[in-house]
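For 1-183, 255-429, the entry in TrEMBL reads domain 'ABC transmembrane type-1'. What TrEMBL records for 17-42, 62-89, 109-134, 162-182, 214-239, 259-280, 287-314, 320-340 is transmembrane segment.
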Amino acid sequence: MPLAILLAKTDLPFRRIFAVLFTIPLLLPPYIIAVSWSILLGRDGFLARFLSRSAAEVTSNWLFGLPGCVLVLFSTFLPVVILLTMTFLKTINPHLEEAGKTVSGWIGVLRTITIPMILPGVLLASILVFLLTLGEFGVPAFLRYNVFPVETFTQFSAFYDFGAATAFALPLAVITFLILLLERIFIRKKTYEVKLASQGEGITVIHLRRGRKWFVLPVAVLCFFVVVVPILVLMFQSMSFDAYYQAISWSGDSLLRSLSYAAIGASVLTVLGFFCGYLIHNKAMPFWLSLDSLTIFLFALPSTVIGIGLILLWNRASTNFIYATPIIIIFGYIAQYTALTSRITVSTLAQIPYSMEEAAQVAGAGWLRRTTLITAPLAKRGLLAAWLVGYIFCLRDTGISMMVYPPGHDTFPVRIFTLMANGPADLIA
C-alpha cells in the first residue's frame, strides 16, 4: 500500500517507470521467476561460484522451500496489490483531501481520510493475492514444496488416482468459497460504497520536496531486486546463440499454438465478458448477482481444481470432439478468466451515460441494435483492454493447460515447464 501511494499520489521521480517495471512480473508465468531465482541461488547457481559449498547449500535449501515460494510469489503478485490500490486511490474525491489539509498535514490526511477510504480495496487485493497464492501450481511444483495443487496434479498425472486427486481438490474449492463468501458479506459492499461516493475530478498530488531522494532510493532498491535481478539473470544465462537456436527448435509449434490459443481465448473471453458485464452492470436479469459471484469464484478457484472439473465433465465418448481437441483448453480459459473481462466491461460501462441507450430505445431500436451500434462502439477502449488482459492471462496460463491439453497440443508454458525437469539451464532461460 505505501508503494502504491508513492507511485499514484506523489511526485516521486521516475514513478511512471517504476509503475511499469513493477507490472512486468505479472506478465510472466510465475514459475519463470522461480527459474530465475534458482539460477541465481541454486547449488550450482551464480552465487555458488563465489560462496563456499556449505553456503551454497544453505541458499539452495532456503530457496527450495517455504521461504523461496514466498519470495517468488511476492515478486509475482506484488503488482496485483499495487495496481488495485492505485485504482482505488483514483476513486477518492480530491475535495475530501483538500478539506482535510485545511486542518492537518498530508500525514494526517492519509491516516484519517485516504487510507480508511481505500482500506476495503486493499483488503480485497489481499484476499485476491491469498487466493491466487493458494491455487498456484507452477512455483511450488518447481521448488519442490508440497501443497494441495501440486498433490492434486501428482495424484492425477503420476498415480492416475482420480479419486485422490478429487479429494485433494475439494478442500481448495471449499476454502475459496468460504473466503469469497466472507468477502462479499464484509468487504464488497464497502468497496462499492467507495466507488459510488467518489466522483473525483482527478487525483491530489503529494509534493515530497526534499524527501524525494529519500523515498526514491528504497523504491529503486526494491524494484531492482524484485524485477530487474530476475530478468537480468535470465538474460545473462541465455546469452548463447546455440541456446536460442536450440530453444527455437525445441519449442516447435508449441509457441504458435500458445499464440493462437491465447488469441482465440481472449476473443471469446471479450465477447462473453461483454455480455456478462452488461448483465451485471444493468442488473438486466434476476440472476445477475449469481452470475457475478460465479465468475469471481471460478477465477479464484485453483486451476488444478478447474482442470479436474473439466475432465469430470467432458471426458466421455459422446464429448470426445471437445475433450480430445484444443477446445477443452479454450473452455478452461473461459472458466477461469471470464471474471477479468466482465469486470473490465462493468467498469467501462459505468463511464457511458445510460441516456444514450435510452434515447435509442425511445427511437425504436431493439436491444441488439442498441448494443452493437451504441454501447459496444462507446466501450471499444475498454473492450480492447479486456482483450489484452485476457490474452496475457491465456498466454501465461500453465495449470489448466497442463491438466487438460490433448496429446500433441501442449502450449509453450507447458513445454517450458516440462523441459525444466531435465533441460539445460541456458535452454530454459
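Cβ coordinates come from backbone N, Cα and C, glycine included.
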Ranking 62-89, 287-314, 320-340 by Cβ pairs under 8 Å to the transmembrane segment (259-280), which is first?
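Result: 320-340.
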Excluding the flanking five residues on each side, which residues at least 6 beyond the ends of the transmembrane segment (62-89) place their CB within less than 8 Å of a CB in that stretch?
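Tertiary neighbours of the transmembrane segment (62-89) are 1, 3-5, 7-9, 19, 22-26, 28, 30, 33-34, 37-38, 41-42, 114, 117-118, 121-122, 124-126, 128-129, 132-133, 136, 139-140, 143-145, 194, 203, 226-227, 230.
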At a C-beta cut-off of under 8 Å, are there same-chain residues at least 6 beyond the transmembrane segment (17-42) that contact it? List them, or none.
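Sequence-distant neighbours of the transmembrane segment (17-42): 3, 7, 48, 59-60, 62-64, 68, 71-73, 75-80, 82-83, 86, 136, 138-139, 141-143, 219-220, 223, 226-231, 233-234, 237, 392, 396-398, 413, 416-417, 420, 425, 428-429.
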